[in-house]
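Colleague: Here it is: the structure, laid out below.
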Amino acid sequence: MRINWVQREPFCKNQALTNITVLPNCCHLCHGNVFEDRIEVPHMKQTTKELRSFFSSQSFSDGLRITISVLLPALIGSFMGNIHMGMLFSLGALCVSLADTPGAIINRTNTMMFCLAFVLATALVTEWARTNLLIMGVLVVVLSFFFSLFLVYGLRGASVGNAALLVMVLSMDQEPLPQGFGAQALFIFCGGLWYGFISLLDYRIAPFRPAQRSLGECIRELADYLRIKANFYDSKHQLEDNFNKLMARQIVVSEKQDAVREVLFKTRQIVKDPSQQGRRLLLAFTDVVDLFEEITATYLDYNYLRREFGHTRILDQIADLARNMAAELDAMGVAIQSNQKFVPRLNPDQAIIQLKADVDALATDKGDVLILKKLLVNIRRMLQRLQDLRLYFESGEPREHKQVLPYDRFVAHQSLDPRLLLDNLNLQSAVFRHSLRVAIAALVGFAVSKFIAQGHHSYWILMTIIFMLKPSFSLTRQRNIERIAGTLAGGVIGIVLLLLIPNKQVLFGLLVLFMLGTYSFMRTRYLLSVIFMTPFILILFSFLGIGFMALLQERVIDTLVGCIIALLAGYILLPNWESEQLSNFLRDMLKANSNYLFRLAEMLSGKTVSITDYKLARKEVYVSSANLSAAFQRMLSEPRRKQVDRSAVQQFVVLNHILFSNTATLASGLIHQPPRPYPAELNRNIRKIINTLCTALAQMNCPCKTEALEALGTTSGDVQTALSRDETLMKEQLEFMYRLSEDIVKAAKKGK
């Protein structure tokens, strides 16, 4: 369905336009080339910047740490004439590295400890059961089901389960060691301890680097978000296509912000007893989130803008300024991520002065340019946020917190209660159904590898199934496509290199590079990780004297067999379709929007709203929007007959984005003003909007704050006064938002 982008003009925040001031002694700057001379980065410098960003990223840091931890034990074992023992150490290091996902150091440490315990137990029981094919088959089913259930404890729990299953698969065909029973498990355990030591040592040497990397990556994603936003003012870009790109980027921005919260707000060294560096990071992240709100709040009637002002140069100037701000933001992100100095290139004062002069000049020719003046106010606030963010790079004491927030309320806390497992032992649980799928598919893969496959590495079938079968079919399908494509591409690269390069030293250097690439992209770009992984495996086995042509053929066949079994299991065995979960995301989006509007209603009633409650409501609406958009995109990759009304869901996503953008426009202005009751007409309008959303929530059996909402009208007294000019604009904006809420309810009914 094509979304109707022609909407009434969303009016700006309750702010006087006189907030934009021009100093007389600065008027000579109005004739600068701030718009004609867009900040362009030469291709060579852009490439250098991207390389610097990659080599200072968290993914590369993780990849380097894993490569060193996995490679060194194998090399030492080889030099000592006991390559088998070294490989077992390396296996232990690799398994624990899977559980060492980015986050607060306390969470990482606890996860690695749990991982070590389960890896040791799994290695012992596998070593005992592998001599009997029947017992081993039963163990494969039991462990596959049990460790897949760890998904109830979030991604960290799932990573621990994956690590334990990897040990099971890679040790089930191992020959017994001469040291006797338990020696293999002990070597694997020691390898895990070795990795844990390296990981903790890395943190102790540079405790703030994970937070800097995470914050820098978040800022860079926000810069991309702003670039896409700039394209709305460029008639060369289709509005609907650009909105889809904006929603896809919002998902990434939301994920990056959550990652920063996880690192910053759960690190005691930063929150409880912050140093100068810790305070800078906290303040910078606060500015980043506030800037994201300002960018989101600039949602206007872009069709109207293009129709009324497309023949002038003003929209191109606005787009160029937004792109310049994005370039400045991107450069700051790289500087923070790489822990280097930042050199500003954008002059905010000159930019806003020239833009205001051009808008004022346009007013004498076209008359009504109110929408441009309101946009000007918002741009000025964005430039101020950029200025605040620059203070991160200032020497000396960082500026004081405006208000100390209870940061622990902004992060999710995962329960480790064992009862979570018991509560999910039913067919209504998506995790339980997923665990059953993995167990059954693993049994099929085990049988195929033992009775049909002819190669010496048929455990690859079982490994492929376990790691490719995801909780939803859409993710399973995507991951399988990437696995097959990456294996084929990487296989070609590996064969060419092995045929053309006979030198063992050069091949070893390439092996290290491919290892580094495999582990660097393992969590971020799986396709690239598999492309690197295949030549790494081919070169590694060539050093062990195994023919690489036959090995590649076996790996491709085993990969195809494993992927086919995983896909069939995801499609046939108690499948989990996104359309079945979509109503939950629709409900969460309505709840978040109504809660955000409720905070705005409190402000209009004259009640004091704490900055914490306001920012929590704002976070909730952004996270819910990103989750809904991600679920919608996953649904689109599923079979058409398994989808709900995709046009209605898309319209729901668009309308909700417009609604909370307008809410942000109003709320971000009111939250910083002294509280006072606003006229009755405004209070009635905001209550009508919330009640409309609550009607939809009631149809989904979800409670709403209707009593608290009605109480606001009683406490405020619904002041009856004549509306000022700004209040009249606010009234018209609220009426527009009410019509939006009615359309949202209609779209929600179709999309359920």
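Heads up, the Cβ atoms here are built off N, Cα and C, so glycines get one too.
Checked TrEMBL, it gives:
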type     : residues : note
DOMAIN   : 114-388  : domain 'Integral membrane protein YccS N-terminal'
DOMAIN   : 451-569  : domain 'Integral membrane bound transporter'
TRANSMEM : 70-99    : transmembrane segment
TRANSMEM : 105-126  : transmembrane segment
TRANSMEM : 133-155  : transmembrane segment
TRANSMEM : 181-203  : transmembrane segment
TRANSMEM : 483-500  : transmembrane segment
TRANSMEM : 506-522  : transmembrane segment
TRANSMEM : 529-550  : transmembrane segment
TRANSMEM : 556-574  : transmembrane segment
Colleague: Give the nonlocal contacts of the transmembrane segment (181-203) in its own chain as ranges (CB under 8 Å, at least six residues past its ends).
Modeller: 61, 65-66, 68-70, 73, 85, 88-97, 100, 105, 108-109, 112-113, 115-116, 119-120, 123-124, 127-128, 167, 171, 174, 210
Colleague: Excluding the flanking five residues on each side, which residues at least 6 beyond the ends of the transmembrane segment (133-155) place their CB within less than 8 Å of a CB in that stretch?
Modeller: 101, 118, 122, 125-126, 161-162, 164-165, 168, 172, 414-416, 420-421, 424, 431-432, 434-436, 438-440, 442-443, 446-447, 450, 462, 466, 471
Colleague: Mind checking which residues of the chain, 6+ beyond the ends of the transmembrane segment (556-574), have their Cβ under 8 Å from one of its Cβ atoms?
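Modeller: Residues packing against the transmembrane segment (556-574) from afar: 427, 433, 436-438, 440-441, 444-445, 448-449, 453, 455, 457-458, 460-465, 468-470, 472-473, 476-477, 480, 483-484, 487-488, 491.
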Colleague: When you look at the transmembrane segment (105-126) alongside the transmembrane segment (483-500), do they share 3+ Cβ pairs under 8 Å, ignoring any pair fewer than 6 residues apart in sequence?
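Modeller: These two stretches do not touch.
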